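> Take this structure, written in structure tokens, and hold onto it; I'll ask about it next.
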Amino acid sequence: MEVDNKRRHSEDELKQEAVKKIKSQEPNYAYLETVVREKLDFDSEKICCITLSPLNVYCCLVCGHYYQGRHEKSPAFIHSIDENHHVFLNLTSLKFYMLPQNVQILHDGEVQLLNSIKFAAYPTYCPKDLEDFPRQCFDLSNRTYLNGFIGFTNAATYDYAHSVLLLISHMVPVRDHFLLNHFDNQGEFIKRLSICVKKIWSPKLFKHHLSVDDFVSYLKVREGLNLNPIDPRLFLLWLFNKICSSSNDLKSILNHSCKGKVKIAKVENKPEASESVTGKVIVKPFWVLTLDLPEFSPFEDGNSVDDLPQINITKLLTKFTKSRSSSTSTVFELTRLPQFLIFHFNRFDRNSDHPVKNRNQTLVEFSSELEILHVKYRLKANVVHVVIKQPSTDGNAFNGDEKSHWITQLYDNKSEKWIEIDGINTTEREAELLFLKETFIQVWEKQE
């Protein structure tokens, strides 16, 4: 793991540098000394805190609040006078202004303080930047983090989205497309998604964690995200399909990198002849390959977790690599293996009154490498399911369903270590112990 020994410049150093650069050009620019980067949060919904309008919104760089307009009597103008806050950033154009003078700060690219703020709002990259990713970074409080392996706030509500965004951010062709391109001419969905990926890989975060609350709220309100119940698999499929309908370039990348094909046929074994195909043979594309776990009976109270049944992933894959031996069966044959092979382990019966409490808790054993039809894969990501027990309100045992919580485990190629991301917390994990939790989704990368 590469350690960047150059810690962030202190606020005083950056402010002194900023004022020295341009104070001689315009006395009012001395207000740059009042900027407080610690109060800035560009993950929140970009609406005016007074009018609730999303149009023409500016961020006050002194208090971090969002205000509309720049003209006289606008919320931003009034705020600059009432609170003596004078430095603002237009959240669309990323241009800086002094209010109430209504003067644009020119040559802002020469001022490190303003550059850092612009990068926090909209990170940009060149190919050389990506060569040493991931690397150890520092936030404004000098807390270390590994870019690309970022924690998220509000995990109790949006942990499924955190897992999926991390998964796609670690598919290198998808990641690189988002990091190296601008999406000003794309639709709002692609623009917002690209910013999420750019921030996940940012080496210059103000805080060592992110929030996707605004992004998910946008998906629900504007893009028709209405999945109930929702889990990482359902959200991943929804997101892939939405990406493909929104961007031809990304559709091509996803089809090449993540879409496999499986041939499905009915086979009848006859005693007097070799097995023959009956009925229609179809070839179906897939984003996610579902692996069925063996039947499982939920524990009675008092049973030990050590009694959990276990099965090796290779046995689950025989459905797709070997013919069935029953007299009449459906045979599945993988005809295209993608660069990123995504497995889903089917744990829930959504027809159950308590699908989480009655889930299949079988543990899946796996190593870091896997060979399927003579093609070698390496495990890149593992999303696991854990249970949050619901508290009782009347002192009696809780009779409702339990709540799912999702944790993401990602492999760092550079350090050859596994990093577990649970909310805002990131922890190193031993590869040999990953299977001890309920694996739900895995991403495997083809090895050339």
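For all residues, glycine too, the Cβ spot is worked out from N, Cα and C.
The following feature annotations were taken from Swiss-Prot:
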- Cys60, Cys63, His79, His85: Zn(2+) binding site (BINDING)
- 150-447: domain 'USP' (DOMAIN)
- Met1: N-acetylmethionine (MOD_RES)
- 27-124: zinc finger (ZN_FING)
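Show me how these features fit into the shown structure, please.
Within the same chain, the residues at least 6 positions away from Cys63 (Zn(2+) binding site) whose Cβ sits under 8 Å from its Cβ are Val36, Lys39, Glu83, His85, listed in sequence order.
With helix defined as DSSP H, G or I and strand as E or B, the zinc finger (27-124) counts 32 helix, 16 strand, 50 coil.
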> Same chain, not part of Cys60, Cys63, His79, His85: whose C-beta falls within 8 angstroms of the C-beta centre of the Zn(2+) site? Give them in sequence order.
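Going along the sequence, the neighbours come out as Leu61, Val62, Gly64, His65, Tyr67, Ala76, Ser80, Glu83, Phe88.
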> At 10 angstroms around each C-beta, which of the binding-site residues His79, His85 has the fewest other C-beta atoms nearby?
His85
> Long-range neighbours only, meaning 6 or more apart in sequence with Cβ under 8 Å: which ones does Cys60 (Zn(2+) binding site) have?
Tyr66, Tyr67, Ala76, His79, Ser80, Glu83, His85, Val87, Phe88
